[in-house]
Amino acid sequence: MVDLVIKGARVLSPANEMDMVTDISIVGTRIHRVGPLEQGETAKEEIDGKGYILSPGFIDFHVHGFAYFTDYGTYPDDVGVRSGVTTVVDQGSAGYLTFPAFHEFMVKSSATRVLSYLNIGAVGTIKGSMLPALHGPETVDVGAVVETIAKYPHIIKGIKTHAEMGGVARWGFDVLAKAKEAAKRANVPCYVHTGRLIPCEGFSLPDPDSIVPGALEYLEPGDILTHCFTGHPGGIVKTTGEVHKTVRRAISDGLLLDVGYGEHFSFDIAQKVLDQGIMPDLVSSDVHALFNQPHSLQATYGLFSALSHLLALGIPLSDLIAMVTDHPARILGWDEELGRIEAGYQADLTLFRIESGSFLFRDRFGVSVPASLRLEPKLTIRQGVPYWAPVIKEAEV
Ligand SMILES: [Zn+2]
């Protein structure tokens, strides 16, 4: 007797090049079989997947999942299992001083698997998070960061830091240098915010085209630049519209790019980057709750919006699914447990559909792109347990 069978969905698992209509059965927390039940075998629960796509559980590499703590923190489950996502990576809500609270109140109490990239700053993005005093090099204690990562190695998978106009205007690359020092000592990657972040009034602004090349002096293969399609100055695209040569070189050496969608995503920049033959490695949402309403459930966008927008730009569906399943699983070092549909893998699955219609997707920079397809979550299965009906009905940004 198996616990659960999902029947007749199109099973799409790019990691093992699977794309076929079949049944998937689950026993306990693991995938039992790819294919129909054997004769005489029965299932305790059956889900009809006809007309839907079943993929490995989506991994959202960039959320803000510390409710009530930041200006824009969500509950991980609202952007996790209730939104078609089985694993979320919180990017820098907590620093070493505040991580124990994050662990107690968010990680332990969520049905979603919650991981963290620890903020290099002492407190993380506490409410009032853009207060520059909280983000300068004087708040960084490399030893304490390394110790905290060593204490929670199963949860903390990297270090969140920034390389952007405001921070560089104030402190040069001092914070990034310390983040990299901590990352090397802890043997984890850095995840680096590019584009606008910290206010820089009263400081002379650096040349936006100097930011990313300057940051690359510190970074190594395996580190991740996020907001690779940012419409704000100081990203991977020069003011001339060309991707920095140093970025191209770093990518061929193993530097990774994440979309980090949300407030930063620009259709124009995305098109420019894609036209120059550069694809992101990861798609993440950078989902925030409504600003100043940390308890609100009403996030108006998420990972599915990000994927729909990128589908509208012509990135093939199976590539997009790889960017939220196989690729993040590899980066987390969990590709033998997560990120593909195969017997023995964890039963973390996302059931979704592609809705046809006439949609107009907007970015934060006033650009609209018409689209005829949109991805919509139906069901999330996390270690064998199904979660129906997303609480969050996503709207186009
Ligand atoms: Zn973010």
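These residue numbers are counts, starting from 1, taken along the chain as shown.
Note that Cβ sites are derived from N, Cα and C of the backbone, with glycine treated the same way.
Of the residues His103, His193, His288, TrEMBL places His193 in the same Zn(2+) 2 site as Lys160, His227. Per TrEMBL, Zn(2+) 1 is bound by His62, His64, Lys160; the candidate from Asp281, Asp286, Asp319 named for the same site is Asp286. Taking only the Cα positions, the spacing between His193 (Zn(2+) 2 binding site) and Lys160 (Zn(2+) 1 binding site) is 8 angstrom. Classification of His64 (Zn(2+) 1 binding site) by DSSP places it in coil, neither helical nor stranded. In sequence order, the binding-site residues near His227 (Zn(2+) 2 binding site) (Cα within 10 Å of its Cα) are Asp286, drawn from His64, Lys160, Asp286. Proximity of the binding-site residues (Lys160, His193, His227, Asp286) to ligand 1: a Cβ under 6 Å from the molecule is found for Asp286. Around His62 (Zn(2+) 1 binding site), a 10 Å sphere centred on its CB holds 29 further CB atoms from the protein chains shown. Sorted by the number of other CB atoms within 10 A, the binding-site residues His64, Lys160, His193, His227, Asp286 start with His193, the lowest.
Neighbouring residues of the recorded Zn(2+) 2 site, listed in sequence order and excluding Lys160, His193, His227, comprise His62, Gln91, Gly92, Thr161, His162, Glu164, Tyr191, Val192, Thr194, Leu197, Thr226, Gly260 (Cβ within 8 Å of the Cβ centroid).
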